[in-house]
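Enquirer: This is the structure I have questions about; it appears just below.
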Amino acid sequence: MNALAATSRNFRRASKLLGLDSKLEQSLLIPFREIKVECTIPKDDGTLASFVGFRVQHDNARGPMKGGIRYHPEVDPDEVNALAQLMTWKTAVAAVPYGGAKGGIGCSPGELSRSELERLTRVFTQKIHDLIGTHTDVPAPDMGTNAQTMAWMLDEYSKFHGHSPAVVTGKPIDLGGSLGRDAATGRGVMYATEALLAEYGKCISGSTFVIQGFGNVGSWAARLIHEKGGKIIAIGDVTGSIKNMSGIDIPALMKHKNEGHAMKDFHGAEVMDSTELLVHECDVLVPCALGGVLNKDNAPSVKAKFIVEAANHPTDPEADEILAKKGVVVLPDIYANSGGVIVSYFEWVQNIQGFMWDEEKVNNELEKYMSSAFQHIKAMCKSLDCNLRMGAFTLGVNRVARATLLRGWEA
């Protein structure tokens with residue numbers, strides 16, 4: 001099942017649990033705006049190349065739309081639509097005053113030079129500059145993009161609208177970015193894991209972890225879990241997978257990766273088959289890579305007691321049902337990886353106020369938001385007798401539905 005079908009299915013299940021009116025349900029599913037643009041740039045060799053860019057603005061009932069820009073060959077309208085809708089529910093679950101959006105360009109960023117990426121970003125911004133804005137739609141980095149991408153977007157947007165630091169988040173610190181933003185999603189995953197384990201009388205210290213993905217989210221989650229005393233016994237990325245039942249030395253692994261070496265060449269662990277990573281025995285499995293990695297084929301073999309979804313849509317609905325029957329507790333993506341959008345909100349607030357927070361304040365506020373959201377999800381689970389995924393979805397959908405009704409959606 002693709003991401004859009006899975007997201008819509010979860011929404012409809014939440015809507016049924018909440019007893020939403022059918023017309024309101026349909027209204028909440030329909031995107032506010034869908035944009036498709038052709039981005040043609042001169043390449044370094046003088047030839048022209050054309051790429052297709054997308055921006056889907058899903059809902060703005062609770063505030064400006066918010067969502068990342070990803071550069072990836074598989075970016076397509078269905079994926080962008082699904083992720084925009086997920087952002088609507090995610091920002092509502094996190095209780096930040098945003099709606100949902102998502103964007104991207106179908107390209108392979110690794111095959112483009114820095115100057116080509118800059119030209120592509122600037123052309124894309126030129127095509128959408130009148131549709132984004134500080135109080136309209138606020139982009140952020142995503143897969144294949146980073147703080148530098150946001151710096152180029154900010155600069156290009158400011159040529160049309162004047163200096164507007166709050167138009168994007170995830171910027172470099174020197175251009176108004178927030179301290180703590182780089183680690184925010186991974187730190188949020190750590191806080192979410194703490195909250196989940198505490199419900200079962202457990203803690204990170206002494207628990208065993210398997211982490212799939214070692215990019216920004218996976219590396220920060222691994223580092224912070226390691227610092228809390230968690231034992232990471234297996235980890236993998238596109239360059240290979242490794243295991244060490246005594247626990248992997250994460251600082252040493254990060255140094256190894258930062259020096260440009262492949263995961264499989266790390267000397268502090270043994271190489272393992274990457275297909276075994278997700279079904280390796282552990283207390284907590286943390287998928288931090290692409291969507292759909294847990295499916296009906298491998299779900300029956302999952303041995304983890306808890307799954308914390310640091311990636312977007314890592315678990316197919318069929319896998320969800322299998323895992324539920326096995327008694328595996330799944331902490332859903334729309335809560336577990338919301339640390340990034342929460343600290344993006346803090347960055348936006350700082351930009352609007354023109355006042356910088358220190359990193360301790362950012363991290364303390366993030367912990368408060370993650371803790372509060374978990375308690376609200378648990379309350380929904382109790383009142384509707386549902387699992388954590390439906391607890392999160394009903395919480396998010398209910399908040400958006402209430403805002404929509406209060407604004408007078410039929411007027």
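Heads up, the Cβ atoms here are built off N, Cα and C, so glycines get one too.
The following feature annotations were taken from TrEMBL:
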ACT_SITE  LYS102  active site, proton donor
BINDING   LYS66, LYS90, SER344  substrate binding site
BINDING   THR185, ASN216  NAD(+) binding site
SITE      ASP142  site 'Important for catalysis'
Enquirer: Which one is it: of the recorded positions ASP142, THR185, ASN216, whose Cα lies the shortest distance from the Cα of LYS66 (substrate binding site)?
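Expert: Considering only the listed recorded positions, the nearest one is ASP142.
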Enquirer: Once near-sequence residues are set aside, which residues in the chain of THR185 (NAD(+) binding site), 6 or more away, have Cβ atoms under 8 Å from its Cβ?
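Expert: Those within reach of THR185 (NAD(+) binding site), by Cβ under 8 Å and sequence separation of 6 or more, are ASN216, VAL217, TRP220, ALA310, ASN337, GLY339, GLY340.
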Enquirer: Taking the Cα atoms as reference points, how far is SER344 (substrate binding site) from ASP142 (site 'Important for catalysis') in Å?
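Expert: The Cα atom of SER344 (substrate binding site) is 12 Å away from the Cα atom of ASP142 (site 'Important for catalysis').
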Enquirer: Taking the Cβ of ASP142 (site 'Important for catalysis') as centre, how many other Cβ atoms lie within 10 Å?
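Expert: I count 22 other Cβ atoms within 10 Å of it.
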Enquirer: Report, as a single number, how many Cβ atoms besides its own are within 10 Å of the Cβ of LYS66 (substrate binding site).
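Expert: Excluding its own Cβ, LYS66 (substrate binding site) sees 30 Cβ atoms within 10 Å.
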Enquirer: Between LYS90 (substrate binding site) and ASP142 (site 'Important for catalysis'), find the distance joining the two CA atoms and give it rounded to the nearest Å.
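Expert: ASP142 (site 'Important for catalysis') has its Cα 15 Å from the Cα of LYS90 (substrate binding site).
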Enquirer: Looking only at LYS66, LYS90, SER344, the residues listed as binding substrate, what is the longest Cα to Cα distance in Å?
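Expert: Max Cα-Cα spread across the substrate binders: 13 Å.
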Enquirer: Starting from the Cβ centroid of LYS66, LYS90, SER344, which together make up the recorded substrate site, report each further residue of the same chain whose Cβ lies within 8 Å of that point, ordered by sequence.
Expert: GLY67, MET87, THR91, ALA94, VAL96, TYR98, GLY100, ALA140, SER338, GLY340, VAL341, ILE342, TYR345
Enquirer: When you measure from the Cβ of LYS102 (active site, proton donor), which residues in the chain that are at least 6 apart have a Cβ under 8 Å away?
Expert: ARG55, VAL56, HIS58, GLY67, GLY68, ARG70, VAL80, ASN81, LEU83, ALA84, LEU86, MET87, ASP142
Enquirer: Would you count the other CB atoms within 10 A of the CB of ASN216 (NAD(+) binding site), including those on all shown protein chains?
Expert: 18
